C-alpha cells in the first residue's frame, strides 16, 4: 500500500514535469519551431480543431514557419486563429500557404520571455508541491489507520521529499536551459 503512494506521487510529479516541458516548447526563442503552433486552435466548421491536425507545418528558413493547410478553404480560418492566439506573430497569407516570420527578439523582449519561463517553472513547482502534500496526507492517514507504522511513515515521507526535490531540481534545470537559449538567441 505504502509503495503505491510513492509510485502515485512519482507519476503525478512526472506528469507535472511533462506539462511544463510541453509549455516550454511553445515559448518563442527567436527561431522557428513548429511546436509554437501546438496550442493554436482553429474554428473549423464550428468545431475547435488543433492547427497541427489541419495543416502541414514546415520550416523552410531558420526564422520562417510555413503552414500548408490540407483543405485550402480553411486558410482564412487558420489565419484568424493565429492572429487571435497569444503568439504575437502576423501571418502572411498568399492564397496557398501561410508564412509566419519569427522576428529577431530585442533584449527587452528576451527578458520578458525569460520571466515567462520563470513563471511557468513556478507553476510547475507548485503542482509538484501539491502532489507532495497529497502524498504526505495519504501517508499520515495510512499511519493513523494502522496500515503503516510511525517509523515507516517517516521513512516514506523522506522518500516523498527526495522525489519532490529531484522533480524541483529537474524543473529548475529545464528553466535555466530555456533561459540560456532565449538570452543567447
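Each Cβ is built from the backbone N, Cα and C atoms, and glycine gets one as well.
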If Swiss-Prot is the reference, give me the range from 90-137, 138-185 marked as region 'Disordered'.
-> 138-185
Across the region 'Disordered' (138-185), DSSP yields 42 helix, 0 strand, 6 coil
